[in-house]
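Engineer: Take this structure, written in structure tokens, and hold onto it; I'll ask about it next.
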Amino acid sequence: MSAPPSPPHRAGFACFVGRPNAGKSTLTNALVGTKVAITSNRPQTTRHTVRGIVHREDAQLVLVDTPGLHKPRTLLGERLNDVVRSTWAEVDVIGFCLPADQRTGPGDRYIAAELAKVKRTPKIAVVTKTDLVDSEALAEQLIAVDRLGRELGIEWAEIVPVSAVDGSQVALLADLLAPMLPESPPLYPDGDLTDEPEQVMVAELIREAALEGVRDELPHSIAVVVEEMLPREGRPADRPLLDVHANLYIERPSQKGIVIGPGGKRLKEVGSRSRTHIEALLGTPVFLDLHVKVAKDWQRDPKQLRRLGF
Ligand SMILES: Nc1nc2c(ncn2[C@@H]2O[C@H](COP(=O)(O)OP(=O)(O)OP(=O)(O)O)[C@@H](O)[C@H]2O)c(=O)[nH]1
């Protein structure tokens, strides 16, 4: 008797959505595990940052990032929402993350209502942080999520409780996502890294550090462009140093104070925090040269937006 044919290889894209703090990043890291193949991508159709790639025998799951969905007030706000919607239409499956330890609220409902408009893409509801609640509270949350789907006309392909912290059901989630991808050979080589995407990742790490604690004051008013990344010349082979030059753009001179802080204290912290992350990402010591520049009304100017990658 011959061996049964092995199932076809599958590969495709998924994104996690959910309100801030829903646990999307932590879940992504838990799924990707130690095999972090950070790359950003401009292949195929997507302009979206690749957060991580799950390489399996039977499937390759590419987790892409979307900016948060916001009530648009500026051109950038609109563009970002367009990016979100086009991502949702392009990916093979969407995971809607809702924390187990918080009641579903208006923030979840707003995202869910937008999700409901994207008919074709299958949606999985992921109830995150299950380690924080007892089984009774978890059961209630699962029922609430099911109800939310019904009310808004979303048919959840699955409702999966997970904990990224204790790892419970993370493998199950991957098992559920894999068969939802189309038949395809792997889209990325295992562990691929290229230059340009590294710069995008580095810019994103700086932006995240710069936004920390001032997200409310500067919701979308920060953009980061990495101008150059070069190995420092004349260093001994065992003590390399990478010079990273980046500009942090803000919209108005008045925002400078917020970003830089008294006596430059905050900018220093942003620099050292993002440097730690960049070093972890690239595996090399880094010298980070960070400048704050005002790109006047860049959110409203299509030319500037393009330059900044939107
Ligand atoms: N106990 C517990 N905490 C978790 C779990 N997943 C995430 N967290 C915590 O919840 C907080 C938010 O998690 P993130 O993964 O950053 O959430 P996010 O949805 O990516 O947040 P944004 O980037 O703001 O959109 C962090 O403090 C995490 O440590 C989990 O499974 N269990």
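Backbone N, Cα and C atoms are what each Cβ position is placed from, and that goes for glycine too.
TrEMBL annotations: computationally assigned, not manually curated.
The model shown is predicted, which means the values in this text are computed figures rather than measured ones.
So TrEMBL has the following annotated:
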type: DOMAIN; residues: 10-183; note: domain 'Era-type G'
type: REGION; residues: 18-25; note: region 'G1'
type: BINDING; residues: 18-25, 65-69, 128-131; note: GTP binding site
type: REGION; residues: 44-48; note: region 'G2'
type: REGION; residues: 65-68; note: region 'G3'
type: REGION; residues: 128-131; note: region 'G4'
type: DOMAIN; residues: 214-296; note: domain 'KH type-2'
Engineer: Between the binding-site residues ASN21, THR130, where is the Cβ count within 10 Å the lowest?
Structural biologist: ASN21
Engineer: Quick one: give me the count of other CB atoms within 10 A of the CB of GLY18 (GTP binding site).
Structural biologist: 22
Engineer: Please classify the secondary structure at LYS24 (GTP binding site) using three-state DSSP.
Structural biologist: helix
Engineer: Restricting to the chain of LYS24 (GTP binding site) and a gap of 6 or more, list residues whose Cβ falls under 8 Å of its Cβ, or answer none.
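Structural biologist: Correct list: PHE16, VAL17, GLY18, CYS97.
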Engineer: Quick check on the domain 'KH type-2' (214-296): DSSP residue counts for helix, strand, coil, in that order please.
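Structural biologist: The domain 'KH type-2' (214-296) comes out at 29 helix, 28 strand, 26 coil.
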Engineer: What is the average pLDDT across the region 'G3' (65-68)?
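Structural biologist: Mean model confidence (pLDDT) across the region 'G3' (65-68) is 64.
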